[in-house]
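Below is one structure, written out as structure tokens; comments come after it.
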Amino acid sequence: MDYPSFHEDPTKDESTVAEQRKGQSNEEKPLIDLNDSLDEQRNAYNEHCKNHDQQPSQQVRNMEDEANQYEQTDSSSDQEVMNEKQSLDKENRNDNIPHENNPGQQEINEPIFDFHMFLEQLRSSSAEPVAKYLKSFLSEFTKRRWTVNYQVKLIRDFLKFINEKIEQYEPWASGSQAEIDNAKEGMEKLVLNRLYTSLFSPEIAKSGIPLSSEHSDDVEEDRVLSEKMELFQWITEENLDIKKQKSSSKFFKLAADELRRINDYHAPRDKIICLLNCCKVIFSYLRNVVKEESADMFVPILIFVVLQARPAHLVSNIQYIQRFRSPEKLTGEVMYYLSTLMGAMSFIETLDCSSLTITEEEFNAQIEKSIKKMEERKLSEKSESKTAVNENATYKDPVLSRGLSSSIDVSTGVALVNLPEELENMKYLQIDTPESKEYPRSTRPRGSSHSGSFTTDSGKRSRRNSNKYVGSSDRPPYRVSRAYSSSATHSPIVHEEQPVDDGLQQNDDLREATTASLETAEAERLQAREKAEAITALRAMFPAFDSEVIEVVLNAQQGRLSSSIDSLLEMS
């Protein structure tokens, strides 16, 4: 650095000296012109000091610029490191869903649902209030026939109410948010498992109960779609412009099996999982075999899989899911796959020659063959039905034959005595048909501690309460004791419990314990069966791998079928 030639005044501040050095070294205009008057020299110096206080020197500015540049470089380096780390984490993560180039393919890795744990928690003494709320609701719900819209309203209102109670009572109140969410999922599954025969249209039809207009429409649409799928079961991949690959048949069969399992489960969540597994198997095929993913390729394969699977009651299943699955869960990936399946069903229902890659002559020939097969099947079913009726008519149960003549007079007398009361009771019972026809139902007491309004000594009271629950009443069909009502604004209406005979109470408790044990055993059985079926399906797709290896992969992927397929494809 070139120092100035004149002597520096030690009383001047460093910034002034630096500015003077700069002016002299760069041979700029002198700070003070000695030819000027003393006042002009003083003004020039004051102006310089004023400007110097407001503006930093060039050296300071350079130092600040260098510091800013260093900070930006350091920040940029940190950002690059973070981006690289996120990229590595993403690559190392077990991605068990299709890529993000499709709006419906993004999945949130939710915690594994443990229904068995929820049932164990519900049996604990601290959860007794929640169990009583549940028992009361189920008891009251099954005493009436509700319209579909009112069924949906009652169940959603109860689940909202009971979810608030789950957060208030142990063992969930002090648990983690994951345990609370698991309990809410478990409660929805438990409620809909118990009420399945009253909510699922084919189950109602099977019981012989007259159907409401909505349930009747479900059953009729099931029949139409089933006949369409049978009519077009001859369709091949080429007819839908699907490029056939070496391993496509294994993937399509596995996807069809997953979709067909939708009728094995009662909870909407479980039915959705069957649909998701079906769709994810298809996307695994596109990703790993075809090496290309798009909705244009996914939809034709889904249509082909539906035709191959031909699942029964598909329309009723979709309606059941939309009605009773929590609306907060019907979003994102689930809604995408659900709407895509509905589009595939609509395509099948309106399918004609122009929808396929096929000549009109071949199309008509295949349709004629299918119609002939369908007629032969119906004739065979009628013949088998007549044979079964004849066999039942000729068979006589020796036990019933011995006791029939001796008991006929007594049973007839009892029936005649009770007939007026039964006819009177029928006037107060309703069914959810558009014509509001009355539906006969027995009003015998159930002997439950939560059925106080249906005691033997209060027939009129029973009928009065019967009417109150049906229609537009805002009162929910559940009743709890005052001891468990913690909030007047959110709790159901409180009723005093009627005294119940100890023997009836013991029988009721035994029945509840037996039901709970059966539900636990059923949950364990389904879990074991799902694992065995998944291993069998994966062995069929990957015969080169040992069963132990497949099981290890399945366990590592927490039972997720599609991610297990991806892992095995990478290993092969």
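Note that Cβ sites are derived from N, Cα and C of the backbone, with glycine treated the same way.
Note that this is a predicted model, so its numbers are computed, not measured.
What Swiss-Prot records for 1-31, 39-53, 82-98 is compositional bias 'Basic and acidic residues'. The feature compositional bias 'Polar residues' is assigned by Swiss-Prot to 69-80, 445-457. Residues or ranges marked as domain 'VPS9' in Swiss-Prot: 219-357. Sequence annotations record features per position, and here Swiss-Prot assigns domain 'CUE' to 529-571 based on sequence analysis. Swiss-Prot lists 1-108, 430-502 with the feature region 'Disordered'.
Summarised by DSSP class, the composition of the domain 'VPS9' (219-357) is 106 helix, 0 strand, 33 coil. In the predicted structure, the domain 'CUE' (529-571) carries a mean pLDDT of 76.
Counted with DSSP, the domain 'CUE' (529-571) comes out as 34 helix, 0 strand, 9 coil.
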